[in-house]
């Protein structure tokens, strides 16, 4: 029989007193450094749905108090919850719980009024069941599975330590995308395993001593894999995985030497990416912001009030920016291809500044049979679900990969800005 664990009220209080960062953490010192991120979260049309949960969680963690913005985000989340959570993935629901429950706030009652913890427990078990019947493939992915464990661990939910030990082995294929280790997936797993580890260490839950050893070993191995993805400029993995990698390294300093990671170097690399406009969608801005102010998702604590993430300056929300579009835009030409068993290509003309999705839409108009596609909205913007009627599948580990010049893109179809003469491709791929 699987042993389930539920944190006691006393245990939760003790847990809240444990420092969530165990190393010296570097932080931004000038508020101007993060203003572009705040502008992105405030002004983007994509700050809705579960993206609102990302933004609310991030702003709460770093102690930014703005009632108008907060009420807007809570309204979006409340609408989702009232409509029912059956259509949400497990990770989306976990994120909503983290956002609503972070800090002492009125909206946390929604978690209990709508039994969101129970709903997450059921969705987590559905993920496990799917893995048992579909070659170890979850309904979603290991990033979301890690979010599930983290939320259940932090918010008094039932979960099986034995199941965590069984599923979170660092050599599991679900940590990899193709042959490449996924840094953000590994980082979220480190946060989840650290939470479980602390619960076991402090006696809040009971488990076999071997489980604690395995969880510690898993964390060490994942940290090593994350550090192996550190680039010369300080980024870890890619631009968008670096913030969560920083969070993971903040809480796992027992598993690496000081010389293995220069936090300041990574911070400066992220600030450089911010200055280049890299984090131009709300979820990207929200995910990187906590680490820049020395915070992690383990700082989510429903029994504590929100406090500023930085003690040396007060952060205010900048005024929304009004952008007046130009009366006319020059056009550019790109080569667009769809590759399945063979390659289909077309020359496509779009306005300067267009994103990848605009190219796909224009190509579809040129030849609907060859270039037809479907998509769905996600927190990261549009996600391509099918091309030529061929659907991506988690169970089969297949997806539609976006490439430029033969190299995979780290941005999605709705955010990658194309350039004149570029060779763009949508490829049927496995991971």
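From the backbone N, Cα and C atoms, a Cβ is placed for every residue, glycine too.
Marked as signal peptide by TrEMBL: 1-23. For 26-263, 103-306, 153-195, the entry in TrEMBL reads disulfide bond. According to TrEMBL, the cyanocob(III)alamin binding site annotation covers 140-144, 184, 238, 287, 383-384, 400-402, 409, 431. The domain 'Transcobalamin-like C-terminal' annotation in TrEMBL covers 353-429.
Shown on the structure are the features that TrEMBL records.
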residue: 140; record: cyanocob(III)alamin binding site; Cβ contacts under 8 Å, 6 or more apart: 89, 90, 91, 127, 394
residue: 142; record: cyanocob(III)alamin binding site; Cβ contacts under 8 Å, 6 or more apart: 172, 174, 175, 182, 185, 188, 189
residue: 144; record: cyanocob(III)alamin binding site; Cβ contacts under 8 Å, 6 or more apart: 89, 90, 91, 92, 94, 127, 138
residue: 195; record: disulfide bond; Cβ contacts under 8 Å, 6 or more apart: 149, 150, 153, 154, 298
residue: 238; record: cyanocob(III)alamin binding site; Cβ contacts under 8 Å, 6 or more apart: 183, 410
residue: 400; record: cyanocob(III)alamin binding site; Cβ contacts under 8 Å, 6 or more apart: 373, 384, 385, 386, 387, 392, 426, 427, 428, 429
residue: 402; record: cyanocob(III)alamin binding site; Cβ contacts under 8 Å, 6 or more apart: 356, 384, 408, 409, 412, 413, 416, 424, 425, 426
residue: 431; record: cyanocob(III)alamin binding site; Cβ contacts under 8 Å, 6 or more apart: 176, 177, 178, 397, 398, 399
Nearest-integer angstrom distance between the alpha carbons (Cα) of residue 263 (disulfide bond) and residue 103 (disulfide bond): 27
Stretch-averaged pLDDT - the domain 'Transcobalamin-like C-terminal' (353-429): 90
Neighbour-count leader, CB within 10 A, disulfide-bonded residues: 26, 153, 263: 153
Summary of DSSP states over the domain 'Transcobalamin-like C-terminal' (353-429), given as helix, strand and coil counts: 15 helix, 34 strand, 28 coil
All-chain count of other Cβ atoms within 10 Å of residue 383 (cyanocob(III)alamin binding site): 17
Distance, residue 103 (disulfide bond) to residue 383 (cyanocob(III)alamin binding site) (CA atoms, angstrom): 32
